[in-house]
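Here is what TrEMBL says about this protein:
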- A:2-235: domain 'PABS' (DOMAIN)
- A:Gln31, A:Glu106, A:Asp137, A:Gly138, A:Pro162: S-methyl-5'-thioadenosine binding site (BINDING)
- A:His62, A:Asp86, A:Asp155, A:Ser156, A:Thr157, A:Glu158: spermidine binding site (BINDING)
- A:Asp155: active site, proton acceptor (ACT_SITE)
2 protein chains.
Amino acid sequence: MELWYTEKQTERFGITAKIKRTLHTEKTEFQQLDMIETEEFGNMLVLDGMVMTTERDEFVYHEMVAHVPLFTHPNPKHVLVVGGGDGGVIREVLKHPSVEKATLVEIDGKVVEYSKKYLPTIAGALDDERVDVQIADGFMHIAQSEAEYDVIMVDSTEPVGPAVKLFEKGFYEGISKALKEDGVFVAQTDNPWFQEELIRTVYKDISEIFPITRVYTANIPTYPSGLWTFTIGSKKHDPLEVSDERFHEIDSKYYTKEIHTAAFALPKFVGDLLK
Amino acid sequence: MELWYTEKQTERFGITAKIKRTLHTEKTEFQQLDMIETEEFGNMLVLDGMVMTTERDEFVYHEMVAHVPLFTHPNPKHVLVVGGGDGGVIREVLKHPSVEKATLVEIDGKVVEYSKKYLPTIAGALDDERVDVQIADGFMHIAQSEAEYDVIMVDSTEPVGPAVKLFEKGFYEGISKALKEDGVFVAQTDNPWFQEELIRTVYKDISEIFPITRVYTANIPTYPSGLWTFTIGSKKHDPLEVSDERFHEIDSKYYTKEIHTAAFALPKFVGDLLK
(Lines of atoms letter the chains of each structure in order from A and count residues from 1; the text may use other names and numbers.)
(Lines give C-alpha, C1' and ligand atoms only; values in the text may rest on other atoms or scores of the structure.)
Protein backbone atom coordinates (compact mmCIF):
# COMPACT_ATOMS: atom_id res chain seq x y z
CA MET A 1 0.00 0.00 0.00
CA GLU A 2 1.29 3.47 -0.88
CA LEU A 3 0.22 6.35 1.33
CA TRP A 4 0.48 9.91 0.06
CA TYR A 5 -0.25 13.15 1.92
CA THR A 6 -1.67 15.78 -0.38
CA GLU A 7 -1.99 19.43 0.60
CA LYS A 8 -4.18 21.62 -1.55
CA GLN A 9 -2.19 24.83 -1.23
CA THR A 10 -4.95 26.53 -3.18
CA GLU A 11 -8.29 25.08 -4.27
CA ARG A 12 -6.61 24.16 -7.54
CA PHE A 13 -2.98 23.29 -6.82
CA GLY A 14 -1.00 21.38 -4.26
CA ILE A 15 1.88 19.18 -3.23
CA THR A 16 1.87 15.47 -2.56
CA ALA A 17 4.35 13.54 -0.44
CA LYS A 18 4.77 9.80 0.00
CA ILE A 19 4.59 8.92 3.65
CA LYS A 20 5.78 6.05 5.76
CA ARG A 21 3.27 6.56 8.54
CA THR A 22 1.26 8.94 10.62
CA LEU A 23 3.08 9.61 13.87
CA HIS A 24 0.37 11.58 15.62
CA THR A 25 -2.97 13.14 14.83
CA GLU A 26 -5.03 15.24 17.20
CA LYS A 27 -7.59 17.99 17.27
CA THR A 28 -6.09 20.33 19.85
CA GLU A 29 -7.90 23.18 21.54
CA PHE A 30 -6.81 25.45 18.68
CA GLN A 31 -6.27 23.46 15.51
CA GLN A 32 -5.85 20.11 13.80
CA LEU A 33 -2.33 18.83 14.45
CA ASP A 34 -0.81 16.07 12.34
CA MET A 35 2.71 14.74 12.46
CA ILE A 36 3.67 12.47 9.58
CA GLU A 37 6.82 10.72 8.49
CA THR A 38 7.46 11.48 4.82
CA GLU A 39 10.02 9.76 2.64
CA GLU A 40 11.37 12.88 0.91
CA PHE A 41 11.29 15.49 3.67
CA GLY A 42 11.52 13.46 6.87
CA ASN A 43 9.09 14.18 9.69
CA MET A 44 6.56 16.86 8.83
CA LEU A 45 4.34 18.98 11.08
CA VAL A 46 0.98 19.86 9.57
CA LEU A 47 -1.43 22.32 11.22
CA ASP A 48 -4.97 22.71 9.90
CA GLY A 49 -3.89 20.93 6.74
CA MET A 50 -0.90 23.20 6.02
CA VAL A 51 2.72 22.10 6.15
CA MET A 52 4.44 24.04 8.92
CA THR A 53 7.86 22.51 8.85
CA THR A 54 9.76 19.42 7.74
CA GLU A 55 13.05 18.02 8.93
CA ARG A 56 14.65 18.41 5.53
CA ASP A 57 13.79 21.96 4.48
CA GLU A 58 13.08 23.66 7.83
CA PHE A 59 16.48 25.33 7.89
CA VAL A 60 15.54 27.79 5.16
CA TYR A 61 12.58 29.29 6.95
CA HIS A 62 14.10 29.27 10.41
CA GLU A 63 17.43 30.77 9.37
CA MET A 64 15.82 33.46 7.25
CA VAL A 65 13.29 34.51 9.90
CA ALA A 66 15.99 34.74 12.55
CA HIS A 67 19.25 35.93 11.06
CA VAL A 68 18.06 38.79 8.89
CA PRO A 69 16.58 40.83 11.80
CA LEU A 70 19.23 39.67 14.27
CA PHE A 71 22.07 40.90 12.08
CA THR A 72 20.09 44.07 11.38
CA HIS A 73 19.99 44.91 15.10
CA PRO A 74 23.47 45.81 16.37
CA ASN A 75 23.08 44.23 19.79
CA PRO A 76 19.99 42.07 20.25
CA LYS A 77 19.71 40.94 23.85
CA HIS A 78 16.07 40.15 24.46
CA VAL A 79 14.19 38.43 21.65
CA LEU A 80 10.53 37.45 21.42
CA VAL A 81 9.16 34.77 19.12
CA VAL A 82 5.37 34.78 18.69
CA GLY A 83 4.22 31.35 17.59
CA GLY A 84 7.04 29.11 16.45
CA GLY A 85 6.23 26.31 18.89
CA ASP A 86 8.35 23.87 16.89
CA GLY A 87 11.42 25.69 18.25
CA GLY A 88 13.26 26.19 14.95
CA VAL A 89 13.43 29.98 15.15
CA ILE A 90 14.61 29.78 18.76
CA ARG A 91 17.39 27.40 17.72
CA GLU A 92 18.65 29.99 15.23
CA VAL A 93 18.23 32.91 17.68
CA LEU A 94 20.50 31.17 20.17
CA LYS A 95 23.33 31.17 17.62
CA HIS A 96 23.73 34.91 18.28
CA PRO A 97 26.01 35.35 21.30
CA SER A 98 24.52 38.74 22.21
CA VAL A 99 21.15 37.16 22.98
CA GLU A 100 20.66 36.86 26.73
CA LYS A 101 17.03 35.82 26.75
CA ALA A 102 14.68 34.40 24.13
CA THR A 103 11.00 34.31 24.99
CA LEU A 104 8.67 32.05 23.02
CA VAL A 105 4.93 32.64 23.27
CA GLU A 106 3.08 29.79 21.59
CA ILE A 107 -0.68 29.49 21.95
CA ASP A 108 -0.82 25.73 21.47
CA GLY A 109 1.14 23.66 23.98
CA LYS A 110 0.55 20.59 21.86
CA VAL A 111 2.76 22.01 19.10
CA VAL A 112 5.64 22.27 21.56
CA GLU A 113 4.94 18.84 23.02
CA TYR A 114 4.86 16.96 19.72
CA SER A 115 7.69 18.92 18.16
CA LYS A 116 9.90 17.90 21.08
CA LYS A 117 8.84 14.30 20.55
CA TYR A 118 9.05 14.04 16.75
CA LEU A 119 11.22 16.97 15.62
CA PRO A 120 14.04 16.85 18.18
CA THR A 121 16.64 18.47 15.90
CA ILE A 122 14.31 21.45 15.60
CA ALA A 123 12.75 21.67 19.05
CA GLY A 124 15.78 20.72 21.11
CA ALA A 125 16.79 24.34 21.60
CA LEU A 126 13.64 24.99 23.64
CA ASP A 127 15.36 23.38 26.63
CA ASP A 128 18.22 25.91 26.59
CA GLU A 129 18.47 27.92 29.80
CA ARG A 130 18.23 31.23 27.95
CA VAL A 131 14.78 30.26 26.64
CA ASP A 132 11.51 31.10 28.36
CA VAL A 133 8.66 29.09 26.83
CA GLN A 134 5.21 30.47 27.58
CA ILE A 135 2.07 28.69 26.43
CA ALA A 136 -0.11 31.74 25.96
CA ASP A 137 -1.82 34.00 23.46
CA GLY A 138 0.84 35.97 21.57
CA PHE A 139 -1.63 38.70 20.74
CA MET A 140 -2.33 39.27 24.43
CA HIS A 141 1.36 39.03 25.31
CA ILE A 142 2.15 41.78 22.83
CA ALA A 143 -0.70 43.94 24.11
CA GLN A 144 0.77 43.74 27.61
CA SER A 145 4.41 44.41 26.68
CA GLU A 146 6.08 47.80 26.52
CA ALA A 147 9.59 48.69 25.33
CA GLU A 148 10.73 45.25 26.30
CA TYR A 149 12.24 43.58 23.26
CA ASP A 150 15.09 44.26 20.86
CA VAL A 151 13.77 41.93 18.19
CA ILE A 152 10.33 40.36 17.73
CA MET A 153 9.69 37.56 15.25
CA VAL A 154 6.19 36.51 14.28
CA ASP A 155 6.37 32.86 13.26
CA SER A 156 2.68 32.24 12.67
CA THR A 157 0.66 29.88 10.55
CA GLU A 158 -0.97 31.33 7.48
CA PRO A 159 -3.85 33.69 8.31
CA VAL A 160 -6.46 31.10 9.22
CA GLY A 161 -7.53 29.83 12.63
CA PRO A 162 -5.76 31.28 15.66
CA ALA A 163 -3.32 33.26 13.48
CA VAL A 164 -5.86 35.60 11.83
CA LYS A 165 -5.36 38.42 14.33
CA LEU A 166 -1.58 38.20 13.89
CA PHE A 167 -2.05 39.77 10.45
CA GLU A 168 -4.02 42.81 11.65
CA LYS A 169 -2.75 46.35 11.88
CA GLY A 170 -3.58 46.60 15.59
CA PHE A 171 -1.19 43.74 16.23
CA TYR A 172 1.65 45.52 14.43
CA GLU A 173 0.95 48.64 16.49
CA GLY A 174 1.25 46.50 19.59
CA ILE A 175 4.53 45.13 18.35
CA SER A 176 5.89 48.63 17.85
CA LYS A 177 4.98 49.42 21.46
CA ALA A 178 6.48 46.18 22.72
CA LEU A 179 9.80 46.93 21.03
CA LYS A 180 12.51 49.13 22.47
CA GLU A 181 13.23 52.41 20.72
CA ASP A 182 15.56 50.83 18.18
CA GLY A 183 13.70 47.53 17.88
CA VAL A 184 13.32 45.38 14.79
CA PHE A 185 10.44 43.07 13.94
CA VAL A 186 9.83 40.50 11.24
CA ALA A 187 6.78 38.51 10.21
CA GLN A 188 6.38 35.70 7.74
CA THR A 189 3.99 37.12 5.15
CA ASP A 190 3.11 34.19 2.89
CA ASN A 191 3.74 33.86 -0.85
CA PRO A 192 3.34 36.30 -3.73
CA TRP A 193 1.85 33.81 -6.22
CA PHE A 194 -1.37 33.03 -4.38
CA GLN A 195 -1.55 35.70 -1.65
CA GLU A 196 -0.94 38.98 -3.45
CA GLU A 197 -3.57 40.88 -1.49
CA LEU A 198 -2.25 39.76 1.88
CA ILE A 199 1.28 40.89 1.07
CA ARG A 200 0.05 44.23 -0.22
CA THR A 201 -2.12 44.90 2.84
CA VAL A 202 0.43 43.80 5.41
CA TYR A 203 3.16 45.88 3.77
CA LYS A 204 0.94 48.95 3.76
CA ASP A 205 -0.06 48.46 7.41
CA ILE A 206 3.50 47.91 8.63
CA SER A 207 4.91 50.81 6.62
CA GLU A 208 2.37 53.13 8.25
CA ILE A 209 3.76 52.19 11.66
CA PHE A 210 7.49 51.65 11.13
CA PRO A 211 9.87 54.16 9.51
CA ILE A 212 11.75 51.34 7.75
CA THR A 213 9.73 48.58 6.10
CA ARG A 214 11.27 46.02 3.76
CA VAL A 215 10.31 42.71 2.19
CA TYR A 216 12.63 39.81 1.48
CA THR A 217 12.19 36.30 0.14
CA ALA A 218 13.49 32.76 0.50
CA ASN A 219 12.87 29.48 -1.31
CA ILE A 220 11.01 26.88 0.74
CA PRO A 221 10.09 23.77 -1.28
CA THR A 222 7.19 22.58 0.88
CA TYR A 223 5.47 25.98 1.13
CA PRO A 224 2.96 27.18 -1.49
CA SER A 225 4.76 28.29 -4.67
CA GLY A 226 8.15 27.70 -3.06
CA LEU A 227 8.72 31.45 -2.79
CA TRP A 228 8.15 32.89 0.65
CA THR A 229 8.10 36.51 1.80
CA PHE A 230 9.07 38.06 5.09
CA THR A 231 8.31 41.66 6.03
CA ILE A 232 10.55 43.64 8.35
CA GLY A 233 9.42 46.67 10.31
CA SER A 234 12.25 48.56 11.97
CA LYS A 235 12.35 51.70 14.09
CA LYS A 236 15.93 52.69 13.37
CA HIS A 237 18.20 50.03 11.83
CA ASP A 238 18.01 49.33 8.11
CA PRO A 239 18.58 45.68 7.11
CA LEU A 240 20.25 46.96 3.94
CA GLU A 241 22.78 49.05 5.85
CA VAL A 242 24.47 46.45 8.01
CA SER A 243 28.17 47.17 8.02
CA ASP A 244 30.34 44.38 6.73
CA GLU A 245 32.24 43.81 9.95
CA ARG A 246 29.00 43.25 11.88
CA PHE A 247 28.41 39.93 10.18
CA HIS A 248 29.97 37.19 12.24
CA GLU A 249 30.35 33.59 11.17
CA ILE A 250 27.25 31.57 11.81
CA ASP A 251 26.48 27.90 11.40
CA SER A 252 23.96 27.92 8.55
CA LYS A 253 22.80 26.03 5.47
CA TYR A 254 20.92 28.81 3.66
CA TYR A 255 21.78 32.20 5.17
CA THR A 256 24.97 33.96 4.16
CA LYS A 257 26.06 37.58 4.34
CA GLU A 258 25.42 37.83 0.59
CA ILE A 259 21.98 36.23 0.85
CA HIS A 260 21.11 38.75 3.60
CA THR A 261 21.25 41.54 1.04
CA ALA A 262 20.28 39.63 -2.11
CA ALA A 263 17.06 38.38 -0.52
CA PHE A 264 15.73 41.97 -0.62
CA ALA A 265 16.07 42.14 -4.42
CA LEU A 266 12.50 41.28 -5.31
CA PRO A 267 11.24 39.75 -8.54
CA LYS A 268 9.54 42.57 -10.42
CA PHE A 269 6.00 41.25 -9.89
CA VAL A 270 6.64 41.06 -6.14
CA GLY A 271 8.06 44.56 -5.95
CA ASP A 272 5.04 45.80 -7.90
CA LEU A 273 2.74 44.50 -5.14
CA LEU A 274 4.25 46.99 -2.73
CA LYS A 275 3.74 50.09 -4.83
CA MET B 1 -15.88 14.77 -11.75
CA GLU B 2 -12.61 16.38 -10.61
CA LEU B 3 -9.53 15.74 -12.70
CA TRP B 4 -6.06 16.31 -11.24
CA TYR B 5 -2.70 16.04 -12.96
CA THR B 6 -0.02 14.79 -10.59
CA GLU B 7 3.67 14.93 -11.40
CA LYS B 8 5.98 12.87 -9.25
CA GLN B 9 8.96 15.20 -9.30
CA THR B 10 10.85 12.55 -7.40
CA GLU B 11 9.74 9.03 -6.54
CA ARG B 12 8.51 10.43 -3.26
CA PHE B 13 7.27 13.97 -3.84
CA GLY B 14 5.29 15.88 -6.42
CA ILE B 15 2.81 18.54 -7.39
CA THR B 16 -0.83 18.16 -8.27
CA ALA B 17 -2.94 20.52 -10.37
CA LYS B 18 -6.67 20.55 -10.96
CA ILE B 19 -7.35 20.47 -14.67
CA LYS B 20 -10.25 21.43 -16.88
CA ARG B 21 -9.35 19.14 -19.74
CA THR B 22 -6.63 17.51 -21.77
CA LEU B 23 -6.02 19.56 -24.90
CA HIS B 24 -3.67 17.18 -26.67
CA THR B 25 -1.78 13.99 -25.95
CA GLU B 26 0.64 12.29 -28.29
CA LYS B 27 3.66 10.03 -28.32
CA THR B 28 5.96 11.91 -30.70
CA GLU B 29 9.06 10.51 -32.32
CA PHE B 30 11.04 11.70 -29.31
CA GLN B 31 8.86 11.86 -26.24
CA GLN B 32 5.42 11.82 -24.67
CA LEU B 33 3.79 15.21 -25.24
CA ASP B 34 0.77 16.33 -23.22
CA MET B 35 -0.94 19.68 -23.23
CA ILE B 36 -3.44 20.25 -20.45
CA GLU B 37 -5.58 23.12 -19.31
CA THR B 38 -5.08 23.65 -15.57
CA GLU B 39 -7.15 25.90 -13.36
CA GLU B 40 -4.30 27.50 -11.44
CA PHE B 41 -1.58 27.84 -14.05
CA GLY B 42 -3.45 28.00 -17.35
CA ASN B 43 -2.34 25.80 -20.22
CA MET B 44 0.57 23.55 -19.33
CA LEU B 45 3.02 21.69 -21.57
CA VAL B 46 4.20 18.37 -20.17
CA LEU B 47 6.99 16.33 -21.80
CA ASP B 48 7.71 12.78 -20.61
CA GLY B 49 5.67 13.51 -17.51
CA MET B 50 7.56 16.68 -16.56
CA VAL B 51 6.06 20.17 -16.56
CA MET B 52 7.94 22.22 -19.15
CA THR B 53 6.02 25.44 -18.99
CA THR B 54 2.70 26.96 -17.97
CA GLU B 55 1.00 30.14 -19.08
CA ARG B 56 1.06 31.58 -15.60
CA ASP B 57 4.61 31.06 -14.41
CA GLU B 58 6.54 30.70 -17.70
CA PHE B 59 7.83 34.26 -17.50
CA VAL B 60 10.25 33.46 -14.70
CA TYR B 61 12.15 30.77 -16.53
CA HIS B 62 12.14 32.46 -19.92
CA GLU B 63 13.20 35.87 -18.63
CA MET B 64 15.94 34.45 -16.48
CA VAL B 65 17.39 32.20 -19.18
CA ALA B 66 17.46 35.04 -21.68
CA HIS B 67 18.19 38.33 -19.98
CA VAL B 68 21.07 37.35 -17.72
CA PRO B 69 23.40 36.25 -20.57
CA LEU B 70 22.08 38.89 -22.98
CA PHE B 71 22.87 41.73 -20.60
CA THR B 72 26.20 40.08 -19.83
CA HIS B 73 27.23 40.26 -23.49
CA PRO B 74 27.81 43.88 -24.57
CA ASN B 75 26.43 43.49 -28.07
CA PRO B 76 24.64 40.21 -28.79
CA LYS B 77 23.72 39.98 -32.46
CA HIS B 78 23.38 36.30 -33.26
CA VAL B 79 21.75 34.12 -30.64
CA LEU B 80 21.17 30.37 -30.62
CA VAL B 81 18.57 28.59 -28.53
CA VAL B 82 18.99 24.81 -28.27
CA GLY B 83 15.64 23.22 -27.41
CA GLY B 84 13.05 25.74 -26.28
CA GLY B 85 10.48 24.76 -28.90
CA ASP B 86 7.73 26.50 -26.93
CA GLY B 87 9.26 29.80 -28.05
CA GLY B 88 9.38 31.51 -24.67
CA VAL B 89 13.12 32.12 -24.65
CA ILE B 90 12.99 33.46 -28.19
CA ARG B 91 10.26 35.90 -27.16
CA GLU B 92 12.56 37.30 -24.49
CA VAL B 93 15.62 37.32 -26.79
CA LEU B 94 13.77 39.53 -29.25
CA LYS B 95 13.32 42.20 -26.59
CA HIS B 96 17.02 43.06 -27.03
CA PRO B 97 17.36 45.50 -29.91
CA SER B 98 20.93 44.44 -30.72
CA VAL B 99 19.77 40.95 -31.72
CA GLU B 100 19.71 40.61 -35.50
CA LYS B 101 19.10 36.91 -35.74
CA ALA B 102 17.81 34.28 -33.31
CA THR B 103 18.18 30.66 -34.33
CA LEU B 104 16.10 28.01 -32.61
CA VAL B 105 17.11 24.37 -32.98
CA GLU B 106 14.41 22.13 -31.53
CA ILE B 107 14.55 18.39 -32.06
CA ASP B 108 10.80 17.81 -31.81
CA GLY B 109 8.64 19.66 -34.33
CA LYS B 110 5.54 18.64 -32.41
CA VAL B 111 6.59 20.83 -29.49
CA VAL B 112 6.65 23.85 -31.79
CA GLU B 113 3.39 22.86 -33.45
CA TYR B 114 1.37 22.41 -30.28
CA SER B 115 2.95 25.36 -28.49
CA LYS B 116 1.82 27.59 -31.34
CA LYS B 117 -1.66 26.13 -31.05
CA TYR B 118 -2.12 26.11 -27.27
CA LEU B 119 0.48 28.54 -25.90
CA PRO B 120 0.18 31.45 -28.31
CA THR B 121 1.39 34.10 -25.84
CA ILE B 122 4.59 32.08 -25.48
CA ALA B 123 5.14 30.73 -28.99
CA GLY B 124 3.96 33.74 -30.98
CA ALA B 125 7.46 35.16 -31.23
CA LEU B 126 8.57 32.20 -33.36
CA ASP B 127 6.92 33.88 -36.34
CA ASP B 128 9.11 36.98 -36.05
CA GLU B 129 11.23 37.63 -39.13
CA ARG B 130 14.46 37.66 -37.12
CA VAL B 131 13.82 34.06 -36.01
CA ASP B 132 15.10 30.98 -37.83
CA VAL B 133 13.34 27.87 -36.54
CA GLN B 134 15.12 24.61 -37.38
CA ILE B 135 13.65 21.26 -36.47
CA ALA B 136 16.90 19.40 -35.95
CA ASP B 137 19.21 17.81 -33.39
CA GLY B 138 20.78 20.57 -31.30
CA PHE B 139 23.73 18.37 -30.41
CA MET B 140 24.57 17.93 -34.11
CA HIS B 141 23.95 21.60 -34.82
CA ILE B 142 26.47 22.56 -32.16
CA ALA B 143 29.01 20.04 -33.46
CA GLN B 144 28.82 21.65 -36.90
CA SER B 145 29.03 25.30 -35.77
CA GLU B 146 32.20 27.33 -35.37
CA ALA B 147 32.63 30.86 -34.00
CA GLU B 148 29.12 31.65 -35.08
CA TYR B 149 27.15 32.81 -32.05
CA ASP B 150 27.41 35.60 -29.49
CA VAL B 151 25.11 33.91 -27.02
CA ILE B 152 23.91 30.30 -26.80
CA MET B 153 21.09 29.22 -24.49
CA VAL B 154 20.38 25.58 -23.74
CA ASP B 155 16.70 25.31 -22.91
CA SER B 156 16.46 21.55 -22.53
CA THR B 157 14.23 19.20 -20.63
CA GLU B 158 15.68 17.56 -17.58
CA PRO B 159 18.40 15.01 -18.39
CA VAL B 160 16.16 12.17 -19.54
CA GLY B 161 15.19 11.15 -23.08
CA PRO B 162 16.59 13.21 -25.94
CA ALA B 163 18.18 15.72 -23.56
CA VAL B 164 20.69 13.39 -21.89
CA LYS B 165 23.56 14.32 -24.20
CA LEU B 166 22.89 18.02 -23.60
CA PHE B 167 24.35 17.56 -20.13
CA GLU B 168 27.64 15.98 -21.25
CA LYS B 169 31.04 17.64 -21.24
CA GLY B 170 31.55 17.05 -24.97
CA PHE B 171 28.47 19.13 -25.65
CA TYR B 172 29.83 22.05 -23.63
CA GLU B 173 33.12 21.81 -25.55
CA GLY B 174 31.12 22.04 -28.75
CA ILE B 175 29.32 25.09 -27.43
CA SER B 176 32.62 26.77 -26.69
CA LYS B 177 33.69 26.15 -30.29
CA ALA B 178 30.35 27.36 -31.66
CA LEU B 179 30.66 30.65 -29.76
CA LYS B 180 32.60 33.66 -30.96
CA GLU B 181 35.70 34.64 -29.01
CA ASP B 182 33.74 36.66 -26.46
CA GLY B 183 30.68 34.43 -26.42
CA VAL B 184 28.43 33.66 -23.46
CA PHE B 185 26.43 30.50 -22.86
CA VAL B 186 23.81 29.48 -20.34
CA ALA B 187 22.12 26.18 -19.56
CA GLN B 188 19.25 25.35 -17.28
CA THR B 189 20.79 23.02 -14.71
CA ASP B 190 17.88 21.69 -12.67
CA ASN B 191 17.30 22.09 -8.94
CA PRO B 192 19.62 21.81 -5.95
CA TRP B 193 17.21 19.94 -3.68
CA PHE B 194 16.86 16.75 -5.70
CA GLN B 195 19.67 16.98 -8.29
CA GLU B 196 22.76 17.85 -6.27
CA GLU B 197 25.06 15.54 -8.23
CA LEU B 198 23.96 16.91 -11.61
CA ILE B 199 24.65 20.50 -10.57
CA ARG B 200 28.04 19.57 -9.15
CA THR B 201 29.09 17.65 -12.28
CA VAL B 202 27.84 20.21 -14.79
CA TYR B 203 29.52 23.05 -12.92
CA LYS B 204 32.81 21.17 -12.84
CA ASP B 205 32.61 20.33 -16.55
CA ILE B 206 31.72 23.86 -17.62
CA SER B 207 34.36 25.47 -15.40
CA GLU B 208 37.03 23.28 -17.02
CA ILE B 209 36.09 24.74 -20.42
CA PHE B 210 35.12 28.37 -19.74
CA PRO B 211 37.28 30.91 -17.89
CA ILE B 212 34.18 32.40 -16.21
CA THR B 213 31.59 30.00 -14.78
CA ARG B 214 28.78 31.13 -12.52
CA VAL B 215 25.52 29.74 -11.19
CA TYR B 216 22.35 31.70 -10.52
CA THR B 217 18.84 30.80 -9.39
CA ALA B 218 15.20 31.72 -9.87
CA ASN B 219 11.92 30.66 -8.27
CA ILE B 220 9.63 28.63 -10.55
CA PRO B 221 6.56 27.29 -8.72
CA THR B 222 5.79 24.38 -11.10
CA TYR B 223 9.37 23.06 -11.24
CA PRO B 224 10.71 20.57 -8.70
CA SER B 225 11.48 22.28 -5.36
CA GLY B 226 10.58 25.68 -6.85
CA LEU B 227 14.26 26.67 -6.89
CA TRP B 228 15.93 26.44 -10.27
CA THR B 229 19.57 26.84 -11.21
CA PHE B 230 21.18 28.15 -14.38
CA THR B 231 24.87 27.83 -15.16
CA ILE B 232 26.71 30.40 -17.26
CA GLY B 233 29.93 29.70 -19.11
CA SER B 234 31.57 32.79 -20.54
CA LYS B 235 34.78 33.36 -22.48
CA LYS B 236 35.32 36.99 -21.55
CA HIS B 237 32.36 38.85 -20.05
CA ASP B 238 31.50 38.41 -16.39
CA PRO B 239 27.78 38.53 -15.56
CA LEU B 240 28.71 40.16 -12.25
CA GLU B 241 30.60 42.98 -13.93
CA VAL B 242 27.94 44.49 -16.13
CA SER B 243 28.23 48.25 -15.94
CA ASP B 244 25.16 50.05 -14.70
CA GLU B 245 24.53 52.03 -17.87
CA ARG B 246 24.43 48.86 -19.96
CA PHE B 247 21.12 47.80 -18.47
CA HIS B 248 18.32 49.18 -20.59
CA GLU B 249 14.65 49.11 -19.71
CA ILE B 250 13.01 45.85 -20.60
CA ASP B 251 9.44 44.65 -20.41
CA SER B 252 9.59 42.01 -17.67
CA LYS B 253 7.70 40.50 -14.76
CA TYR B 254 10.59 38.83 -12.90
CA TYR B 255 13.94 40.13 -14.18
CA THR B 256 15.28 43.45 -12.93
CA LYS B 257 18.76 44.92 -12.88
CA GLU B 258 18.90 44.14 -9.15
CA ILE B 259 17.71 40.55 -9.65
CA HIS B 260 20.43 40.11 -12.30
CA THR B 261 23.07 40.41 -9.60
CA ALA B 262 21.13 39.08 -6.60
CA ALA B 263 20.34 35.82 -8.41
CA PHE B 264 24.03 34.90 -8.17
CA ALA B 265 23.99 35.06 -4.37
CA LEU B 266 23.49 31.37 -3.68
CA PRO B 267 21.96 29.78 -0.60
CA LYS B 268 24.86 28.29 1.34
CA PHE B 269 23.96 24.67 0.58
CA VAL B 270 23.88 25.48 -3.15
CA GLY B 271 27.20 27.27 -3.10
CA ASP B 272 28.67 24.31 -1.21
CA LEU B 273 27.76 22.02 -4.13
CA LEU B 274 30.19 23.93 -6.33
CA LYS B 275 33.24 23.65 -4.09
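Residue positions begin at 1 at the first shown residue.
Even glycines carry a Cβ here, placed using N, Cα and C.
Bear in mind that the values here come from a model prediction, so they are computed numbers and not experimental data.
Here the binding-site residues are A:Glu106, A:Asp137, A:Glu158, and the one with the most other Cβ atoms within 10 Å of its Cβ is A:Glu106. Summarising the spermidine site geometry, the residues cited as binding it (A:His62, A:Asp86, A:Asp155, A:Ser156, A:Thr157, A:Glu158) extend over a maximum Cα to Cα distance of 15 Å. Candidate binding-site residues: A:Gln31, A:Glu106, A:Asp137, A:Gly138. Nearest to A:Glu158 (spermidine binding site) by Cα distance: A:Gln31. Across the fold, the C-alpha of A:Gln31 (S-methyl-5'-thioadenosine binding site) and the C-alpha of A:Thr157 (spermidine binding site) stand 11 Å from each other. Within 8 A of the CB centroid of the S-methyl-5'-thioadenosine site residues A:Gln31, A:Glu106, A:Asp137, A:Gly138, A:Pro162, the other residues of that chain are A:Phe30, A:Gly83, A:Ile107, A:Asp108, A:Ala163. A:Thr157 (spermidine binding site) falls outside any helix or strand according to DSSP and counts as coil.
Ranking the binding-site residues A:Glu106, A:Asp137, A:Pro162 by the distance of their Cα atoms from the Cα of A:Asp155 (spermidine binding site) places A:Glu106 first.
Taking the C-alpha atom of A:Glu106 (S-methyl-5'-thioadenosine binding site) as reference, the shortest distance to any of the binding-site residues A:His62, A:Ser156, A:Thr157 belongs to A:Ser156. Cα separation, A:Ser156 (spermidine binding site) to A:Asp137 (S-methyl-5'-thioadenosine binding site), rounded: 12 Å.
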